[in-house]
Amino acid sequence: MAHNNPWPDEGNTGHIWDEDIRELDNPPPLWWMLSLYAGFVMMVFYALYYPTIPLKDSHFEGLAGWTQIEEYKEDKAVLENWRKAKFAEQEEQLAALSVDEILKNDELKTYAVKTSKVLFGDYCAACHGAGGQGNPNFPVLADDDWLWGGKPAQIKASISNGRVGNMPARGMMGNLSDEEIGQVADYVIALSEGNADQPKYAAGKAVYTKGMCLACHGPAGKPLAPAGATNLTDGVWRFSGDRDEVIKTITYGVNVKKGGELTENTRKAVMPAFKERLPDPEVNIKRLAVYVYSLGGGQ
Ligand code: HEC
Ligand code: HEC
């Protein structure tokens, strides 16, 4: 910094570096000062208009009463009204037609399937998997193996009223011994593999008759009508095809109750009723029935 000032008249501050770099004492330009004042005005305006100042237990809410969540709700309502207006015709048709009729109308079917995905994700996927591919102990919906029937009306009834399968422990009369259960388990596994005709399964086949398994699972392991019992011949396991697990199912049954409570080891298999759980159930149950039907296995 120099102490002698070679430019005494130009109004510099006397701070000089590197021989000739000087600090001048000019006022800031007018435009700059005006922006600064405008900034102050805006600051006061914002502070009063919007929620700003934190108080002890709450905050100053602002003169406009604006909140982010209100703005979000208003925007959402605009979008929803737009959507309602745009799809009003399709929604009316869904409300008016039966599931069978919707399935016959390609355009409407596609619409129902597309608008089901979020609904299915919210209400069904936790149990049945994101694409209806099932989860351990929850049935696959994307195949043609139905407990309660794959006709549109049956699927609709499953969703609307729920389903509770029932299988007594130790055969219909509850009188099968552990040995007999072992034999019938082997027979059932052989049924699923298609070789149950072999003589070594004769004992198991006799137990199948004694335990009246055929009343629900059909004479040859295939239910005569869908009423909740599994088809034992198709190799699709609702619970597990592991021998110990098959024995467990036969020993403790499915949804077996004692004194109003499920017994400890019984298989739990409850499909909840959705007619009171879904928003707008009248339309949404049909929508989901169309979706489930078209996952691949509708009959
Ligand atoms: C809490 C778990 C759970 C939820 C949530 C659930 N389900 Fe189920 N669902 C089940 C179980 C368990 C069964 C099998 C009942 C049985 O074994 O008899 C089932 C059975 C079904 C069936 C009958 C399948 C057949 O083979 O006949 C359909 C259809 C079905 N669910 C559709 C749905 C739809 C659509 C939703 C969503 C709205 C849904 N489920 C939500 C547990 C659930
Ligand atoms: C009153 C009807 C009924 C009778 C009798 C019955 N079952 Fe069942 N069975 C069912 C139902 C319902 C299910 C469970 C279906 C579901 O919820 O997924 C089931 C499930 C099973 C399963 C599980 C299959 C799988 O895919 O995991 C086996 C194995 C089985 N039964 C074998 C038998 C045998 C063996 C007998 C005779 C000792 C028998 N059942 C008697 C109704 C019956």
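For all residues, glycine too, the Cβ spot is worked out from N, Cα and C.
The heme c 2 site in TrEMBL is built from Cys213, Cys216, His217 plus one of Met167, Met271, namely Met167.
Checked against ligand 1, the binding-site residues Cys127, Met167, Cys213, Cys216, His217 give Cys127 in sequence order as having a Cβ less than 6 Å away from one of its atoms. Within the same chain, residues at least 6 positions away in sequence whose Cβ sits under 8 Å from that of Cys216 (heme c 2 binding site) are Met167, Pro223, Ala227, Gly228, Ala229.
Just so you know, of the binding-site residues Cys127, Met167, the Cβ with the fewest other Cβ atoms around it within 10 Å is the one at Cys127.
Taking the C-alpha positions, the distance from Cys124 (heme c 1 binding site) to His217 (heme c 2 binding site) comes to 27 Å. Cβ proximity to the heme c 2 site centre (mean Cβ of Met167, Cys213, Cys216, His217, cutoff 8 Å) flags the following additional same-chain residues: Met172, Met212, Leu214, Ala215, Pro223, Ala229, Thr230. Each residue in the domain 'Cytochrome c' (111-192) gets a DSSP state, and the totals come to 40 helix, 5 strand, 37 coil.
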